[in-house]
Structures are given as C-alpha cells and as structure tokens.
Amino acid sequence: TIVTLKPAPLFLYSRKAFRPKKQRRKKHSTTERIMRPSMLRSIHSAVSRSRSHLARRGYATEPVPERKVAILGAAGGIGQPLSLLMKLNPLVSTLSLYDIAGTPGVAADVSHINSRSEVAGYAGEEELGKALEGADVVIIPAGVPRKPGMTRDDLFNINAGIVKSLATAIAKYCPHALVNMISNPVNSTVPIAAEVFKKAGTYDEKRLFGVTTLDVVRAKTFYAGKAKVPVADVNVPVIGGHAGVTILPLFSQATPSANLNADVIEALTKRTQDGGTEVVTAKAGKGSATLSMAYAGAIFADACLKGLNGVPDVVECSYVQSNIISELPFFASKVRIGKNGVEEILGLGSLSDFEQEGLEKLKSELKSSIEKGIKFASQ
C-alpha cells in the first residue's frame, strides 16, 4: 500500500502529519507553524524519524525538489548556527558553506548530522564560484559583528565592501538565486547588491530580500510577555527598515489583540528597535545577536524554499524593492513569496497615530541609508 503524504511545513517533519484527518488541528500561518514546536523537541523528532524509510523519502509518490542553499560567511558567529539549522531543514538537498577560512571544519561537523542534505565546505576567494554554482537560495551573514559603542552605520565601510564582492560573484555564478541579505547595515547592503546586479545585467527585484525577520521575532516575543499570551500564537508585522528608528513594529495589528496602554506600546517599540544593542551590551563586547539572528535567518530561508516549491500563501516581512512609500525605493513590509521570489507586496494596513508618527520619523534616515548604499556601489 502506498501512502501519499503532504510534506510537513516545519523545518522537520512533525508527528501531526501522521494523524488521522479528523484529529488534525486547525491550520496556522506559515510562520506560526514554523515557530510553534520547541527546537529541542524538533531535533529529537528528527533523530528518531531519520531511522524510518518514509521520513528519508519525505514523499511516497512525489520527490522533494532538489534545492541547493549556499551560506556565505558560514564560519562566523551567525553562520555556524545558521548552518546547523539549515542542515536540519528537509527541504535542503545540498548545503554549500563558504567563508574566507575555517569552513571545512564547520562543514565536516554539520555533515555528520543524519539529515537529508549533502554538505560541502569551501574556503578562500578561489572557491567562491564552486560554492555558488547552482544555488537556489543564497544566504549572506558575512561581515563583522557590531561591538559596544558601534552603530550599524559604523559597520558600513567594512561590510559594504564584502557585500559588493559577494554580490558580484552571485551575479556571475547563480544569477537566478533568491538572495537573503543578513549582513548589516541591511538598509544599505540590499541597495548595494541591487546596484551590483544591475551593472551585471542580472537584477531581478523579486529575488533580492533583506532579512528583517529578527525584528519580527523580537516583536512577537516582547509582545507576548506583556500581553500574557502564548508566544506561538502571536503575530506582529514589522515595517520600515532594519536599524534603530527605521524598525517599526505594528503592535496595533498584533494578534491576538491585547488592550495595552500607550506607554507599554511605546516601550515595546523602543525595545524592538534597540534589540540588537540589548544583546551587544549583555555580551559585554564579546559578541552580538548571533543565535537569534541565525534562527530568524533560518525561518526566512525556509519560507523562500517553500515559496520556490510552490507552497501557497507563504507570507513574511522583508526589506525589498518597493513602491509602498514613494520616496523610499526599498522598504520592509509583508510580502508573499512564491516560485519567482516576491509574488506580491502587501499593504501596510491601518496604522495607529503612534505608528503613523513613527513612519514619518523613519523616512529621512532610511532614505539616507539607501542613498549611501547606492553611492558606494557606484564608486
């Protein structure tokens, strides 16, 4: 008897998929389904299920599409946990890890994990092309981390050069890949990559994403704590950019709704905007937000893979080329992701007076960051 199963929407296949229909729970949004189980329970389930023939195949009658994911900066603070999380993702068939040094060790380490993907590590500029060839999704956490007293703008001169060179290679070796930009400052590095792709004649605005998922993850966590609701049930859109005041969580649209007073909303907004600084300070100069960023990056990459594979209604917030705000060529908002990348940029919805004021405040800073990136790429 052949049993046909739909792929579970999580990083790892869930026992929910094997329940009789009448026992299955109500469907949730893509992000909710990803974030609901604990990571420990997911890992434990993966190890157990990997011993079964059915889990190794994933489908009984339809094979899982072959997908190559390349991580540029895989040996770094974000890159290593991100490599681990992507190795656990059953939608990945080939995991390509690249960095200037140290990647073979990271690749050897994660390759021992008994999950679907084959792993290869590449080090040095001469191997960058091999790392990128045939990639469906390219994730870029490469660059230096933020240190105490550093603003995201201080990172610009170093990370902008790194992003420019990596974007040049992407344009040459995998011009049709979905590019997930994590390297800060994202407000500027995404426009840099866009300009590089334009010069190379490969630019497709639907395939370039600034990963702002960490802002969403923080907003959900902080909101759930104040609203006293289960964090797995929370959704909070975050718009604008990915630095300081350009980060604008829309708590008025948060679900489930909670009657929080204005002071609490303002404090939650400020904490979401300063989340990166909070981690840098807590680590006392010995690191930045690496683990939470890796988690957020893995969530967004998973959404891109689902979109490429034709899963319907995959919606995440992301910083993309947009015409939502006329004077801002790039803007973060909810987008629908499909087989071609960005299928639809969704509207902002109704904003509270506080959020409308925040939107006006962020415009000048975000515009300046965009122009700075474009100018750098043009030099």
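Cβ from N, Cα, C; glycine included.
Under the heading domain 'Lactate/malate dehydrogenase N-terminal', TrEMBL lists 68-210.
Around the Cβ of GLY79 (NAD(+) binding site), the same chain contributes ILE71, GLY73, LEU97, ASP99, VAL106, PRO141, ALA142, ALA294, each under 8 angstroms and 6 or more positions distant in sequence. Among the features that TrEMBL reports, NAD(+) binding site is placed at GLY73, ALA74, ALA75, GLY76, GLY77, ILE78, GLY79, ASP99, ASN159, ILE182, SER183, ASN184, MET293.
Annotated substrate binding site per TrEMBL: ARG146, ARG152, ASN184, ARG218, in sequence order.
Annotation source TrEMBL lists domain 'Lactate/malate dehydrogenase C-terminal' at 212-376.
Summarising the annotation, TrEMBL assigns active site, proton acceptor to HIS242. Sequence-distant contacts of HIS242 (active site, proton acceptor), defined as residues of its own chain at least six apart whose C-beta falls under 8 angstroms from its C-beta, comprise ASN184, PRO185, VAL186, ASN187, GLY210, VAL211, THR212, ASP215, TYR319, ALA332.
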Cβ-Cβ neighbours of GLY73 (NAD(+) binding site) (radius 10 Å): 25
Between ALA75 (NAD(+) binding site) and ARG218 (substrate binding site), the C-alpha gap once rounded to whole angstrom: 25
Per-residue pLDDT averaged over the domain 'Lactate/malate dehydrogenase C-terminal' (212-376), given as an integer: 97
Within the domain 'Lactate/malate dehydrogenase N-terminal' (68-210), residues counted as helix, strand or coil by DSSP: 66 helix, 28 strand, 49 coil
Residues GLY73, ALA74, ALA75, GLY76, GLY77, ILE78, GLY79, ASP99, ASN159, ILE182, SER183, ASN184, MET293 binding NAD(+) per the record - widest CA separation, whole Å: 18
